[in-house]
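Student: Pasting in a structure now, in structure tokens, and then I'll have a few things to ask.
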């Protein structure tokens, strides 16, 4: 039998090794907005990579981080800069100077402000639900999950206080969160992606964070907001999930966000796998067997490019209620 992944020798020669936290138990790829951002970016950029779920932090104490040609890089912004330089990829090549400036401003709002309010909801207010999603196995796993989650809660509260946002009341923090989410909804409008018809790096950032509100915070204010008043953000998340994460399905998928074709196609699916190797053209399981799927098709072979929900369709649906 092959040794477990954490005992295997990694060779990062001409290969991207992505170190991140283990997959949660609820089918979402990651409870970390930055891990989900990084893995989504790699898929958007069509860069093959290998996941390594050892939970080991980078030398700077960061997660995620990568190894490429035996060089370690941490911090998602520095990782993306590094990959652009080494591999010549650039999701922003279609953006002009003004659009690039807007994209960076949005990225910083999301990562330096919205992130903290979502972290509070995830690891403080809604900790009991988050604890159910954390994936740990072996003896005393429930006790270890409880300890891990409560340690994380303390760290989040301490770091939020140092940041400054944690010095406000819960209601004030949620007011700031709602302002950020409404800003994103206004910027997106009825466009396909944040900066227009083509995906760019900022979409990986925004998706990594909004996906937490969509799929990891049941019954909370951010979930109610994104699935209610700010429905265009929910459809945006579904659009990216279908195109770049075809193996990711959720037990309570809402057909309101689906076109007729995509809802038919989603009736048969398999759960998200811990793929040891991923590329857009071909995915392999741990035994090296090819899995014939790409982010452009689902498990029935239907194209996902045309499964986007049109805003007019949603308005028609609302009028029929």
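For all residues, glycine too, the Cβ spot is worked out from N, Cα and C.
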Student: For the feature region 'Disordered' as recorded in TrEMBL, pick the matching range from 246-283, 284-321.
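Tutor: It is 284-321 that TrEMBL describes as region 'Disordered'.
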Student: Mean pLDDT across the domain 'Thioredoxin-like fold' (33-125), rounded to an integer, is what?
Tutor: 94
Student: In the domain 'Thioredoxin-like fold' (33-125), how many residues does DSSP call helix, how many strand, and how many coil?
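Tutor: Looking at the domain 'Thioredoxin-like fold' (33-125) with DSSP, the answer is 53 helix, 12 strand, 28 coil.
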Student: Looking only at the domain 'Metaxin glutathione S-transferase' (178-240), how are its residues distributed among DSSP helix, strand and coil?
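Tutor: For that range the per-state counts are 43 helix, 2 strand, 18 coil.
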